[in-house]
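> Dropping a structure here in structure tokens format, bear with me for questions.
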Amino acid sequence: MARDIQLIRILGEETYNKITNSKVLLVGAGGIGCELLKDLLLMRYGEIHVADLDTIDLSNLNRQFLFRQKDIKKSKANTAVAAVALFKGDTKLEPHHGNIMDVSQFPLSWFRQFDIIFNALDNLEARVYVNRMALFINKPLIESGTTGLKGQVQPIYPYLTECFECTAKETPKTFPICTIRSTPSKPIHCITWAKNFLFAQLFGEESEEELNPADLETDDAQEIEALLKETNELLALKKLIKDDSAEDFIDSVVEKIFVEDIVRLSKIDTLWKSRQKPVPLDYGLYSKKLKELPPSVISDDQKIWTTEENLLVLVDSLKRLQARYKSEGVLDFDKDDKDTLDFVVAAANLRSFIFGIETKSEFETKQIAGNIIPAVATTNAIMAGFSSLQSLNVFSDDPVGNSRLIYDSEYINKFVTQCPPLPGNPNCKACGIQRGIITVPSLDIQLGEIHKQLLKKYGYSDDVSIVVGNNRLVYDYDFEDNLTSSLKDLTIGDGSIFFIGDSDDELQDIELYLEVAPKETEIALTDITIKKKPVKKEESKAEVTIQDGDQMEEILDEDEILIIDEPTEKRPLEVEEEIHSKRKKSSI
Ligand SMILES: Nc1ncnc2c1ncn2[C@@H]1O[C@H](COP(=O)(O)OP(=O)(O)OP(=O)(O)O)[C@@H](O)[C@H]1O
Ligand SMILES: [Zn+2]
């Protein structure tokens, strides 16, 4: 094909052949994923598997260009693969509709078939999961992500470069509870209150725990008393949801939340010395006007609603939510669930009105409540392009040496910057320890068998601890009860993760993935070298620790290695920028 002649000219015959013989996995067929699928196809990858758990939504169509109006509600993975059929050439394509973290659909053995994994995901949990899978099977992972105009591509070569978890990721901003519960001053405070407190208390799971006054983050005895009373009354209200008529329920909620609680708060003088006192809602006055309002206001998401309109939406959404709660039980807030969104918008706006804060349209509140930064199609396209280009290095003589982390930003003259991948963080909980696989013939194997093999193969002493999944201790020196139980009886299944720790601290900790392979006759453990002291865990991978200011400049200029000595903390922006500007010498 004419196109391939061009490609061969650019890539060279050898690389081209390697690409056409490679099988890759693309996780996520959303904004970046659609772009990346097109890029990988045009690069002529031999086989591409596309996994995505979601179906197409109207809001995806502006940037996920493989989808059309007629595809709404269809599987993203299946539709994306069908959409590229016309230009797929000889590439074999396989869609998978499912959650990449579902072990039964995607066991580790399934991941092993791929030469490269591409992440085009939108959440930390799935990214961390795929990162771990890549570490277990030691395959390159090209990670990418965008937020508005910002984006990054990170090629990860397990144990040779930083992995996805080597640096802490930014977590959503939180606010002190007393700001949210007593003294809001910004729209976001009221939105957070409506979504995380009021909605969760009324329609969410009932909490077993008593509210601890220390959690309220205030020393004011009067405020603590008011907030405790507020919570207890809300719990009493929640109990009535199922029995009360809609009218009674709505009246009780509005009276309590927007009148009584506010009256109580406004009486705590210490809170209002330098702040404007809240004014309780005149429910009687506004409720009289409700009948005169056109119900169509509920669907106008661009308009800033008046107080009466907010009350109308609140009353209407409470009705809908109460009916749903009666039939479905516990409800979760979802920005795309109109009933829950209406409630949060109206409740937040009424609270804002009471506290003299600016109110927001439903459209704006949706962005804030859903932590949405509008996606930019161009950023996705650029990052997908870099992600596919970075994958070319896998076929080079020096994949790590040739790889680059790519960032783009809004900074003038720094639209796109690059730097070599950094070495792994020795304290990283993902790649700072060794990983392997335990293959067992069946789940009827006793835990004792695995314990025996561990000691034999890796040289641990009896003083070893075995923890499964999240902190479930199944064996240690003083706890041998489970050794004669089968994995099945211990509810340990395919895909369970074993954490093996040496209680004497003589040997490194390791993590092993349990794989059931019925054909095997014996328990098999991956060959991994478990280093002994005096190589301290921290020293085993670190080469340099330091740096700030001039020292960093020197190091960066010399050999471009940087290891931060506080690895669990996010790198400060200035340092991040410093690295990038130093390395910008070769910026694109
Ligand atoms: N655990 C997972 N398994 C498989 N696919 C996943 C998983 N988590 C997220 N995804 C997919 O990753 C893709 C990320 O794409 P993108 O960031 O464009 O998000 P989106 O959900 O399409 O858009 P938006 O969040 O803006 O509505 C989505 O299609 C999503 O379904
Ligand atoms: Zn790591």
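Using N, Cα and C of the backbone, Cβ positions are placed for all residues, glycine too.
What TrEMBL records for this protein is below:
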DOMAIN    3-429  domain 'THIF-type NAD/FAD binding fold'
BINDING   28-33, Asp52, 60-63, Lys76, 122-127  ATP binding site
BINDING   Cys163, Cys166, Cys428, Cys431  Zn(2+) binding site
ACT_SITE  Cys178  active site, glycyl thioester intermediate
DOMAIN    299-366  domain 'Ubiquitin-activating enzyme SCCH'
COMPBIAS  567-580  compositional bias 'Basic and acidic residues'
REGION    567-588  region 'Disordered'
> Can you tell me how many other Cβ atoms are located within 10 Å of the Cβ belonging to Glu125 (ATP binding site)?
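Result for Glu125 (ATP binding site): 8 neighbouring Cβ atoms inside 10 Å.
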> Which entry in the list of recorded positions, Cys166, Cys178, Cys431, has its Cβ near the fewest other Cβ atoms, using 10 Å as the limit?
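Minimum Cβ neighbour count within 10 Å, taken over the recorded positions Cys166, Cys178, Cys431, occurs at Cys178.
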> Please report the distance from the Cα of Cys163 (Zn(2+) binding site) to the Cα of Asn62 (ATP binding site), rounded to the nearest angstrom.
32
> Taking the centroid of the Cβ atoms of Cys163, Cys166, Cys428, Cys431 (Zn(2+) site), which other same-chain residues have Cβ within 8 Å of it?
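Close Cβ neighbours, site residues excluded: Asn131, Leu135, Glu162, Phe164, Glu165, Gly424, Asn425, Lys429, Ala430, Gly432.
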> DSSP secondary structure for Gly31 (ATP binding site), reduced to helix/strand/coil, please.
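Going by the DSSP assignment, Gly31 (ATP binding site) falls within a helical segment, counted as helix.
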> With every protein chain in view, what's the tally of Cβ atoms within 10 Å of the Cβ of Asp52 (ATP binding site), excluding that atom itself?
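Summing over all protein chains shown, Asp52 (ATP binding site) has 26 other Cβ atoms within 10 Å.
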> At a 10 Å cut-off from the C-beta of Asn62 (ATP binding site), count the other C-beta atoms across all protein chains.
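That number is 11.
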> Can you tell me whether DSSP puts Glu125 (ATP binding site) in helix, strand or coil?
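Reduced to three states, the DSSP call for Glu125 (ATP binding site) is helix.
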